[in-house]
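Enquirer: Straight out of TrEMBL:
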- 62-416: domain 'Aminoacyl-transfer RNA synthetases class-II family profile' (DOMAIN)
- 131, 132, 133, 158, 174, 178, 327, 331, 332: L-histidine binding site (BINDING)
């Protein structure tokens, strides 16, 4: 559309021509029409400016920008986690951020309502992925993969009420490790728990415990307590909230909202408040009600074998058999686990509680749900809650006032004199070509003090200084920012000297 001034002139020129050759009545109507049109154009140009003044610049609810300082911490955490996955032989996989909606529906139980649906723009109903597990199962079925040990780092989306202080967002990163394939019982499961222990110990977040249970034990418990089979998933979802709300509130939800008989809820309460080690497993084997259920006995047998392997791995003391652990996702079929940090009194007062920091379990039927012939690929895996871990680390760094370097620059190229930009550019190119991380100020004639202050602020360890005297003598001054000591290095030896110092630091 042409600018308003030009359009306005054309409108009135056209109107003037009509006035010369049209009856007066027609001219009056034309004047009225063109005046209204010109006014509408002017209004449409002004409206965006008026709306803009009321526009609030913000990130969508439940999301955030991650600053350079935060990214440094985040990358260190992710590097440590991925390093552990690789140490255990996993290969990396990636999947699309969105899937066909039908691929995700009926996989998450009550949580299916938290899936983000996308507007249909290409003839397919799509949804943003809710986790990394279901896309992995779809990948295995689609490509007919029977065995795979994989890890996946990527964003997922959940349309829930965010709790930012606890590291809960609508968009967040997950780090998953999974073992797919038919193997002897509990060996892959034990390795997953070993990986969780290695990562949580390596991140030095404090003491932790990993709660372990089995969905077969849970279902057997529900059956012997009198829960109708049609309510298993609903009651399991309620039990899963025990780490967030009291047993009294969970009982109320099961009875008042999900129609469970009060005496059945009380029988469940006797079980879900039990936790311990191998001795509790033995106790449950002798339980008069639970011992009559084959499904529960199968689960207890695998848990006993699991603890045997965990003892060999040297991590049994970090594992607790906890009958309150439910893991509400529908696709779990066997062993389930969840890691929580054990708070000190000081941490409890400072709101350090962020819930579980890692979780996972066995899902032997999920791949078969995608396979046209129903072929099953047994799977077990874990997910590290990096967002929650990041939230803890960030809080601690604020508490202790730790400073973070946002760049990895090793050397700064400086000059104390004017008209040395060309020499600085030649010198920094030489450093870059040698693989050295280097910077300079984007000014023709910066002051030396400004350059040195920049190095101190950014934590750059070394400065190379070139000036007239250095040019004449064929040397470069190499300065340590921390000690402020300077030495003269022959120009041809500079790169080797810098590499030597960096390797020693």
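Each Cβ is built from the backbone N, Cα and C atoms, and glycine gets one as well.
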Enquirer: Among all chains shown, work out which of the binding-site residues 133, 174 has the most CB atoms within 10 A of its CB.
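Expert: Compared across 133, 174, the most Cβ atoms within 10 Å surround 133.
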Enquirer: Return the residues near residue 131 (L-histidine binding site), defined as same-chain residues 6+ apart in sequence whose C-beta is under 8 angstroms from its C-beta, sorted by sequence, else 'none'.
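Expert: Within the chain, residue 131 (L-histidine binding site) has Cβ neighbours under 8 Å at 108, 156, 174, 176, 383.
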Enquirer: Within 10 Å of the Cβ of residue 332 (L-histidine binding site), how many other Cβ atoms are there?
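Expert: There are 25 such Cβ atoms around residue 332 (L-histidine binding site).
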